[in-house]
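TrEMBL annotations:
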- 13-26: compositional bias 'Basic and acidic residues' (COMPBIAS)
- 1-31: region 'Disordered' (REGION)
- 44-65: transmembrane segment (TRANSMEM)
- 77-96: transmembrane segment (TRANSMEM)
- 117-140: transmembrane segment (TRANSMEM)
- 172-189: transmembrane segment (TRANSMEM)
- 204-224: transmembrane segment (TRANSMEM)
- 244-263: transmembrane segment (TRANSMEM)
- 283-306: transmembrane segment (TRANSMEM)
- 311-332: transmembrane segment (TRANSMEM)
- 338-356: transmembrane segment (TRANSMEM)
């Protein structure tokens with residue numbers, strides 16, 4: 001009996017948790033929670049900063065591009081060159097940030113230099129063409145109209161991703177596509193003259209078609225980038241994303257420079273600078289800051305791609321949709337008629353539907369990961385019972 005009682009006491013002591021061990025576990029779990037909360041907080045601060053860069057960079061660059069045309073600028077190819085030519089600004093950001101995003105794992109499959117160069121050249125040519133079409137649209141269309149048409153880029157991204165990246169066209173995505181399409185189509189019937197120069201109906205139609213084609217080009221660009229990361233580059237690390245943006249911008253800048261000399265527009269640049277309404281210094285500063293703000297937009301977009309996803313980055317760029325028309329009304333005194341208001345409401349509705357679908361996809365992805373981790377890890381009680389059964 002005494003032996004049995006002593007055995008029971010020993011068993012009970014083993015079952016009772018050690019206070020010091022439990023305190024250590026509680027302190028460790030508390031510190032881990034604080035670290036996770038701190039990391040989450042810092043991550044969302046970065047996301048907020050990148051979002052600010054995307055919206056302000058895109059809005060200011062568009063306004064500066066319109067100021068260039070309104071004050072005597074006429075070179076469409078020069079307006080094309082300043083969009084990608086500021087990519088050297090990204091080099092310090094790339095060198096400083098790549099240290100914080102280094103990965104220890106390396107792929108066994110290294111992409112050949114030929115395939116990598118082919119990807120950069122094809123995407124660079126596409127960017128150069130899209131930037132040129134955007135410059136034509138900016139020349140002939142009011143800024144508010146241009147920005148509303150550019151919202152159709154989301155629709156083109158979803159359309160091309162359906163064929164190239166097997167993206168599912170859910171009812172919510174289809175609703176977004178229809179709304180964005182109607183929003184852009186309505187503006188085709190809005191023959192509005194710019195305040196600084198008269199635009200004929202033919203020029204308005206030309207600007208409208210070029211802007212739609214530019215939006216389609218940028219939508220195709222994003223889909224092709226995703227395809228290249230999945231099929232050719234085989235990975236989407238921070239360095240890969242930055243290198244793609246830098247080399248693609250280099251090729252697009254070369255396209256713009258070749259077009260500038262081939263069209264002989266470079267011969268008129270000296271007279272254009274002399275006759276610029278705001279003076280030579282303002283002419284140079286306009287071009288410099290246009291290039292800088294487009295690269296600020298690129299930094300924000302790159303950060304959002306790495307922190308979240310490329311689709312979310314594209315959606316945030318469309319979030320600046322109401323900003324440019326409001327600034328255009330204030331700065332350029334563009335008329336915000338009923339057709340534009342309806343187009344803006346439809347575009348915002350379509351954008352909201354698109355973002356909501358991305359939110360649902362993220363939630364489903366998190367749930368699937370949670371289920372897979374639970375199934376792949378047995379609880380400690382199950383592991384202990386299996387050992388005992390053996």
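Indices start at 1 and increase along the chain as displayed.
Even glycines carry a Cβ here, placed using N, Cα and C.
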Contact between the transmembrane segment (44-65) and the transmembrane segment (283-306) (at least 3 Cβ pairs under 8 Å, separation 6+):
yes
Region pair the transmembrane segment (283-306) / the transmembrane segment (117-140), three or more CB pairs under 8 Å:
no
So, does the transmembrane segment (117-140) come close enough to the transmembrane segment (172-189) to give 3+ Cβ pairs below 8 Å, pairs being at least 6 apart in sequence?
no
Excluding the flanking five residues on each side, which residues at least 6 beyond the ends of the transmembrane segment (204-224) place their CB within less than 8 Å of a CB in that stretch?
122-123, 126-127, 129-131, 133-134, 136-141, 146, 149-157, 159-161, 164-165, 184, 187-188, 191-192, 310-311, 314
Please give the sequence-distant neighbours of the transmembrane segment (77-96): residues at least 6 beyond its ends with Cβ less than 8 Å from one of its Cβ atoms.
61, 65, 68-69, 127-128, 131-132, 134-135, 138-139, 239, 242, 245-246, 248-250, 252-253, 255-257, 259-260, 263, 265, 269, 287, 290-292, 294-295, 298-299, 302
